[in-house]
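S.K.: After the structure tokens below, expect a handful of questions from me.
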Amino acid sequence: MLDIKFIRENSDKVKEACANKNINGGDTIVDQLLDLDIKKRSLMTTLENLRATQNKFTKSASAKSSGETMNNIEEAKKNKLEIKTLEPDLQETENKFNELLMKLPNIPFDDVPVGKDDSENVVLRQIGSLPKFNFIPKEHFQIGEELNIIDIERASTVAGSRFYFLKNEAALLEMALVNFAFSKLAKKGFSPVIPPVMIQPKLASGMGYIENHPDEESYYLERDNLYLTATSEQSLGAMHHREILDQLPKKYVAFSTCFRRESGSYGKDTKGIFRVHQFDKMEMFVFSKPEDSEKEHQNLLAIEEELMKDLKIPYQVINICTGDLGKSAARKYDIEAWMPGQNRYRETHSTSNCTDYQARGINIKYKDQKNNLNFVHTLNGTAFAMGRIIVAILENNQQKDGSVKIPKVLQKYTRFKVIKLKKILK
């Protein structure tokens, strides 16, 4: 969430951020919030004065004469009644205030490109030569079916659409990616984590992950009042809620299963495993000092690019515009891998600097050199979204005979260099 002091002093900037991030009714939200802020502070001051007066009545009652005591009792009753009347009013005002505050997005950095949606994102660079084939390259789902390593048809009979079985060499390929990433990132100072895949609504909301209609995107367990996490950055970010961190930066890399309804994706990527309800993912997360967060963000992006170069997959880096930035991020980059079967680049990675927006929402602080408490900055970045990176590996490394070569850096983990066509009982 945003700092109310910042909103008071920069209301026009907050309204501009709402407009640039496509937050409906942003001007009204800001104006109503500031009105409630005035009312809340006035009520708090009034109640503080009334409670102070009440304490004086209590202390002085025994020292007064009986006549004076009777007068004080009457005044104390009136005072107490007024307190009782104003307390619910303050509670209601605070609830409305917090509800509106949670609707406001993080402020984009000044140099983030302004745009309405992903059509106005900016390509920063393209890395790697596109593979050349002497045959028409296939899409991953055809490759996976022919090699008997992806089974979408049977998964649909088990769980419905947008699910899949990852089998045989593909299952081993995912584990190779996990081991490779954990090993590489541990050497870079990231602590490996297997996190919970459920999160309390108040924490998800505090970090900006629950929007106006959360059930359209997230799976909610009503009986338990828990959401299934859509990415492990939700669990990682919440790991230190209500804590004061003594050493920064703190860096984590997590592997977990993620769940998304994809309700807004009707008709998109209906074939294959690119856009699904359940997938595995490795996520990096950093807690940093404010003055270091931009450096840490560039480091996350550099690691993502290094991982793509290790796999020898061509990619492009995208600077995300304000309209596609999301609620929590002040800056975001995407990496899109070249998919020969689709003849286009597709998103496989993202990395965001959320400044103090999430830390303020779930109360994560650190002590500076002067012993002052400040909110940390939080950053996240994809290591591997397993389904999507496997799609990229299959499509970029397919051979004319139907086989798929394994990237060299993964071969010591897979213990095989190629996935070949073979006869396997289905």
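Don't overthink the numbers, they just go from 1 along the chain as shown.
Glycine residues also receive a Cβ, built from the backbone N, Cα and C atoms like all the rest.
No curator has checked TrEMBL annotations; they are predicted automatically.
These numbers come from a predicted model, not from an experiment.
Sharing the feature lines straight out of TrEMBL:
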DOMAIN    139-407  domain 'Aminoacyl-transfer RNA synthetases class-II family profile'
BINDING   Thr231, Ser232, Glu233, Arg260, Glu283, Asn380, Thr382  L-serine binding site
BINDING   Arg260, Arg261, Glu262, Val276, His277, Gln278, Phe279, Glu347, Thr348, His349, Ser350  ATP binding site
SITE      Thr382  site 'Important for serine binding'
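Map the listed features onto the structure and describe their local environment.
M.R.: Residues near Thr382 (L-serine binding site) in space but far in sequence (CB under 8 A, at least 6 apart, same chain), listed by position: Lys281, Met282, Glu283, Met284, Glu304, Ile335, Thr348, His349, Ser350, Thr351.
Of all Cβ atoms in the protein chains displayed, 19 besides its own lie within 10 Å of the Cβ of Arg260 (L-serine binding site). Annotation note: Arg260 (L-serine binding site) sits in a coil segment as assigned by DSSP.
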S.K.: Excluding Thr231, Ser232, Glu233, Arg260, Glu283, Asn380, Thr382 themselves, which residues in that chain have a Cβ inside 8 Å of the centre of the Cβ atoms defining the L-serine site?
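M.R.: Result: Ala230, Gln234, Leu236, Ala254, Cys258, Lys281.
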S.K.: Name the residues of the same chain, 6+ apart in sequence, whose Cβ is under 8 Å from the Cβ of Phe279 (ATP binding site)?
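M.R.: Same-chain residues close to Phe279 (ATP binding site) (Cβ under 8 Å, separated by 6 or more) are Thr257, Cys258, Arg260, Ile273, Ala385, Met386, Gly387.
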S.K.: In this predicted model, what is the average pLDDT of the domain 'Aminoacyl-transfer RNA synthetases class-II family profile' (139-407)?
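M.R.: Here the predicted model's pLDDT, averaged over the domain 'Aminoacyl-transfer RNA synthetases class-II family profile' (139-407), is 95.
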S.K.: Distance between Glu233 (L-serine binding site) and His277 (ATP binding site) at the Cα atoms, whole Å?
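M.R.: Distance between the two Cα atoms comes out at 17 Å.
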S.K.: Thr231 (L-serine binding site) to His277 (ATP binding site): how many Å between their Cα atoms?
M.R.: 12
